[in-house]
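In TrEMBL this protein carries:
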type: COMPBIAS; residues: 1-16; note: compositional bias 'Basic and acidic residues'
type: REGION; residues: 1-36; note: region 'Disordered'
type: REGION; residues: 89-109; note: region 'Disordered'
type: COMPBIAS; residues: 94-104; note: compositional bias 'Pro residues'
type: BINDING; residues: CYS138, HIS153, HIS311, CYS315; note: Zn(2+) binding site
Amino acid sequence: MSKENMRRLNIVEKKNNGSPNSMRNKEKHSSTQSLLSKHLKKVYPVGIHKTSSLLSISSLSLTLSNNSSSGSFTDSSSTLEQTISSALQLIAPTPTPTPTPSPTPTKREVPLAKTSVQGPVLQPSLDPSHCEDGLRRCNWITKSSDKLYVQFHDECWGVPVYDDNQLFEMLSLCGMLIDYNWTEILKRKNLFREAFAGFEPNIVAKMGENEIMEIASNKEIMLAESRVRSIVENAKCILKIAKAHGSFSGYMWGSVNYKPTINRCKHSRNVPLRTPKAETISKDLLKHGFRLVGPVIVYSFMQAAGMSIDHLVDCFRFNECVNLAERPWRHV
């Protein structure tokens, strides 16, 4: 660029700076800055040098310039105040509303009872084996047990039996456990004795068809025809064994070496339902033609007839049955 062109540009700039329009713009700009600083000092009295907001002063000026559509501020102070307040809202951090704490329910204070230090209080025993008479029995005997069942436990169950008729009766009653429990069987025990002639094997073995159907149709006995026929067939088998071995009692006790098995169980869960010995006897009885003599029924028969002592060790009948079982075997 030539020197002459440079002189022309300087002259034009001097004229513009000295023109009345430029002077008005300068005055307008200076008045705007003073008004802006005046309002900002109301919010920041110390001076705008630092801000805790993420927005800086440059962003404030950028926002103010964006809000002015004509490129300059108007002379109206109200419009300027609105613009400044909108800009200050962008700078100031928005306060997060603090949740009002829910009122905590007041707890009622329960007055503590004054207690004195004493010795241990004995609680009543909750063991079902403790009955009203104070005797400790096997825990399957409870306060709600039927009196006939308790009597059977106290007088018969686990006592060694050596009589053929009694063994035949016990084997027949144990066979009924397929359909009934001990309480239901014991309640009809006298009816069974009447129907089967006191469980005399010689008489039962001779029962004919009419007698079998009469017993099966008796609604008080409630014994199925197949069960009645099984008892009659077992009576015939007992007679055969008695003829071959001298007695049914000698044959049964001989299978356990004439000595009961004494189990010392502390809990009912330890009492077995069947044993290898019961399985062996069951197979042998089936070979001889007996019915209703599975391993579980045979072991129930062994328990009831005293061939296996399964009273719990803390039952009052345990020692009594053990003393009877340890006597020398003798056939009555």
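Even glycines carry a Cβ here, placed using N, Cα and C.
Same-chain residues at least 6 positions away in sequence with a Cβ under 8 Å from that of HIS311 (Zn(2+) binding site) are, in sequence order, CYS138, TRP157, GLY158, ARG317, PHE318, CYS321. Cβ neighbour count for HIS153 (Zn(2+) binding site) (all protein chains, 10 Å cutoff from its Cβ): 19.
For the recorded Zn(2+) site, residues CYS138, HIS153, HIS311, CYS315 set the reference point as the centre of their Cβ atoms, and the other residues of that chain within 8 Å of it by Cβ are ARG137, TRP140, ILE141, TRP157, GLY158, LEU312, PHE316, ARG317, PHE318.
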